[in-house]
Structures are given as C-alpha cells and as structure tokens.
Amino acid sequence: MEVEIKNLTRVSLSLLASLIYCRFISSRITKGKIRLVSLLPVFYLFITLPICFASLFPKAITSLFISWLANFKLALFAFDHGPLSSEQSNSLLQFISKTLLPVKIKQNEKHPSSQPPQNSPKLPLNFPAKVLLFTVLVGVNDYKSSFHEKWILGLYCCMVYLLVDIIFGIFNATVHAILRMELEPPSNEPYLSTSLQDFWGRRWNLMVTNLLRHTVYKPVRSSLGSLLGQWAPLPAVAASFLVSGLMHELLFYHVTRASPSWEVTLFFVLQGACLVVELAVKRWFGGRWQLHWAISGPLTVGFVVMTAMWLFFPPLIRSGADERAIDECKMFLNLVKGEGLKWIGKLI
C-alpha cells in the first residue's frame, strides 16, 4: 500500500505538470498540426503511466482515464474541439478535471445532444442499488466452482457493467460537487437496449461513445462523404469500433502485461460489422419495419453478452486478471466495512 501511494504521488505530479504545460503553453500555439506535435510528449507519457502501478485497479483506471480518454480529449484540444476547447472557457481547475476525469457536460441549448430521446421501457437502477448488487455478486464469486462456466461468464458481464457504472458515477458526483457542473450519466440502462445502435450509440459508456464520435466517426464520415455519399457513416462506424478495439487491447496489455491476443479487438470489430449490417438494413427498409422491443431487446443484449463470453473475457481469465480484480474488490469492501464499523462504534 505504501509503495502504491508513492506511485500515485509520482503519477499525480506528472499529470499536473503535463496539464499545466497543455493549458498555458500548448494552448498558446496555433491550433492544428503544430499544436498536435507539441502534445506528442504528453501523449507518450500518458500511455506509459499505467505501468507505474503494481495493483490491477490503478493500472486499469489510469489506462482508461489517462492513456485513452485524456489523450483523445487532448487530440481534440489540438484542433480546438471537444470539452477542452477555448469556447468552453476552461479555468485551470476545469481544464484538469475535464481532462483527467470521465465526465461529460450535460447538453443544453448551446450544445444540443446528438442522441434522440428514447421510447423504450425504463427500469432504472439507482447508485446504492448498483453498489449493493455488485457487493452481492463479488460474494457469489466465492462459490463459482458450483456453477457452470457460462454462468460465471454471465456473472462477469453483470459485474463489468456495475463496476464501470459505479466508478464513472463516483467521478461524476465528485466533479459535480467540486465544480457544480451539470453532468450526463455514465450510461443509460444498457440492459434495455433494443438494437446494437441503441446499445453502443445511446446507452453503454456514453463518455467513451462521445469521444469516439468526435475523434473517429465524424472525421472519417466527413472525409468519405464526397466519395460514398449517404453511405459514408457505415465505414465511419466500422473505424470507430476498430479504434475502440485497439484501445481496449492497450488497456488489457496494461492490466495483464501479456502479449496481445487480438481477441478483444476482434470482439469490437465484430460488433462494428454487425452494427454496419444493422444500419444498412434499416436504411434499406427506410425504418418501416422494426421488431417489437420485447423481441429485439433480449436478442441485442444476448448477442453482446454471448460474444463477450467468447472474445472479451478469455484474455483476462487466462492471465488471472479476473481473480486479481475480485480479490482487490474484496480487500476494498472489507476496508470500507471495517472503517464503517469503527465509525459506528465511535457514535455509540
């Protein structure tokens, strides 16, 4: 623990120095390729920071938040786009918070949302319920020898959803408390998705979806627009999923330190290919034919879960990362429980 605290201090100071450079020096450089070149040392540093940690969760969080999301935000910043652009009038504290934390400013009249309203049924899980359910699933994992392998993989799917939503939700609440900014939720009930477009574009991990939309989808669609016309969005979708797969591969490497097996990249390429087919069929029929949500919902969620069992989780299981993650969750939950009992004892 003491070693990890020292590592956290070193990483934090490196991040602070890098972002001060970005805010006060790089921002003075003309937007475009020259500013992008000035940020290359920061990109490289952010990619290497996760290896400073020994524990799994600090590696994973740093890889996702810094190596991926922060670098993508800074890439947009190089061209004066995205949440760090000059039109957002960022103070240093806002600049640092928006860069490092997985938050998305709530859309308003000035920055309208690109996501259409949803008419599918609602079954919201509030934050305490998610924490409680995740705690229960961590405990159930102790008895996994009694379950079939497929049930364990299904359990992992639920745990990943809950854990991602809990972590992103904590940072959302922190930024809202400190900066008083209205933020969008990290996800929108992905278990109620009625299509792959609905799942990946409007419900699952909205922060990542938004960044991929601006850093990959829109540039590819714009560059191919004159060549492909109304079909340009399809290769843009495929490119977005390919980039997502490669970034997940980097995250898996940071966590496992094992050579890439490319299974997780294949998972996202497969999802992208199937989504392209779905969009092409919708365009072909002109939106006139659509399955009822009671049928399309289970088909969509079932497809994502089954392909995740096949391609997403095996690299983590082979490396033992799943067991290490669960052990670290147990340690954290036991720590919280112990501190809570101490607090209650003092009150009594």
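Even glycines carry a Cβ here, placed using N, Cα and C.
Predicted automatically and left uncurated, TrEMBL annotations should be read as such.
Taken from TrEMBL as is:
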type: TRANSMEM; residues: 42-70; note: transmembrane segment
type: TRANSMEM; residues: 153-179; note: transmembrane segment
type: DOMAIN; residues: 187-269; note: domain 'Wax synthase'
type: TRANSMEM; residues: 231-252; note: transmembrane segment
type: TRANSMEM; residues: 264-285; note: transmembrane segment
type: TRANSMEM; residues: 291-313; note: transmembrane segment
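No contact links the transmembrane segment (231-252) to the transmembrane segment (291-313), because fewer than 3 Cβ pairs that are 6 or more residues apart lie under 8 A.
Of the ranges 42-70, 153-179, 291-313, the one with the most Cβ pairs under 8 Å to the transmembrane segment (264-285) is 291-313.
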